[in-house]
Amino acid sequence: MTTLTPLRSVTVNNTYPYTIAIGPGLLHDPLRLAATIRGRHALILSDSEVAPRYAAQLQETLLRARPDLHLNVFTLPAGETSKSLENFSAAIAQLATLGATRDACLFALGGGVIGDLAGFTAACWMRGIDYVQVPTTLLAMVDSSVGGKTAVDIPQGKNMVGAFHPPRAVIADTDTLATLPLRELRAGLSEVIKYGAIRDPVFFHWLQTTREALLARDPAALAQAIARSCEHKADIVGRDPLEKGERVLLNLGHTFGHAIETAQGYSTPGSNNLNHGEAVAVGMVLAARLSNALSLAPAQDTETLKNLLDAYGLPTVLPSGLTPEMLLERMRLDKKNIAGRLRLVLWRGIGHAEAVSDVDEATVRQILANSTNQHTTYSPHQHATTKPPNRRPH
């Protein structure tokens with residue numbers, strides 16, 4: 001059901017500016033959606049969880065405004081394992097079959113996996129076509145849909161093959177969050193917390209006091225969290241679109257997090273492996289503890305961050321089965337490293353972060369060892385089976 005929450009808009013100002021529209025009912029807005037299409041060909045890329053709920057609605061809305069449109073839908077299995085070179089090739093084949101020309105448009109309907117794969121496909125087809133991010137998860141709305149990072153995974157690491165290719169628009173229909181599993185909602189809130197942790201103490205405090213409303217999917221609280229997160233990312237991406245400087249700060253927790261995801265094997269629906277948001281939550285605590293060890297941040301702030309993540313039901317210690325060397329092996333392949341030395345985003349306390357080069361591996365190994373020795377009661381399966389509110393998708 002569409003709420004009365006007002007539409008919010010955030011603009012990313014760089015070489016190719018675009019607008020992030022945030023609000024309910026946007027999948028029913030033919031003028032907004034059709035305005036993103038310059039040609040006569042479009043492809044909707046989605047997954048097996050999202051397509052049955054929303055692909056037909058997006059099709060109907062687009063064709064209502066553009067009955068001349070040649071429009072196909074391509075659906076992939078849900079889960080991180082779909083973000084592969086094989087599925088990239090399959091998506092390219094779909095564009096070829098469609099007869100897509102350089103003025104075609106690709107719609108990424110789903111979460112971060114679909115957005116990343118669709119963006120990379122759009123970046124490569126005929127050296128670049130338009131694509132529109134239509135995120136249906138909180139994590140995609142606040143993070144992966146904004147900024148133009150596109151990629152696929154390979155066995156050696158996450159997001160190792162990709163390109164910078166900004167979307168033509170981001171259209172975030174918040175009504176889709178009504179059907180989002182609680183585990184995925186929490187994963188998105190991990191990235192929301194990150195924005196407060198790296199640059200906004202006021203927002204961090206707001207998240208401490210608004211937990212119940214956010215977990216209950218209060219429309220006004222969610223809209224505020226999404227808009228504020230997007231404002232932070234748009235501000236940084238507008239100045240540093242290619243991650244040559246401050247944009248790297250958005251990776252707090254990600255070096256550890258990506259290593260966890262790769263070492264465990266990427267998460268699929270129903271699996272025990274941590275998903276991206278969960279891995280980043282653990283990664284933020286590890287980065288904060290490393291910062292404590294290097295005398296960069298007060299231990300009290302680290303406990304405050306850990307307690308906030310705990311309060312949102314997110315994991316904060318390494319899952320069982322991972323060793324420090326397993327993780328370090330993957331961290332050495334991280335894209336942020338320079339001259340073969342670890343480069344991590346570390347914490348300076350609530351609202352502050354910085355990139356630190358030449359981080360001592362022995363200290364990192366000790367932080368990882370300390371975390372593996374801690375007991376965790378976090379249960380991904382419990383969150384995976386928690387049902388969202390009993391609301392019918394519009």
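Each residue, glycine too, has its Cβ placed from N, Cα and C.
As recorded in Swiss-Prot:
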- G112, V113, I114, G115, D116, T136, T137, K149, K158, T176, L177, A178, T179: NAD(+) binding site (BINDING)
- E191, H254, H276: Zn(2+) binding site (BINDING)
- 371-388: compositional bias 'Polar residues' (COMPBIAS)
- 371-394: region 'Disordered' (REGION)
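Around L177 (NAD(+) binding site), the C-beta neighbours below 8 angstroms that are at least 6 residues distant in the chain are T136, T137, L138, L185, R217, L222. Cα of K158 (NAD(+) binding site) to Cα of H276 (Zn(2+) binding site): a distance of 10 Å. DSSP gives T137 (NAD(+) binding site) a coil state; it is part of no helix or strand. Put simply, H276 is the one of the binding-site residues E191, H254, H276 whose Cα lies nearest to the Cα of G112 (NAD(+) binding site).
Every protein chain considered, the tally of other Cβ atoms within 10 Å of the Cβ of E191 (Zn(2+) binding site) stands at 27.
In this view, H276 (Zn(2+) binding site) is surrounded by 26 other Cβ atoms within 10 Å of its Cβ, with every protein chain counted. In this structure, K158 (NAD(+) binding site) is part of a beta strand by DSSP.
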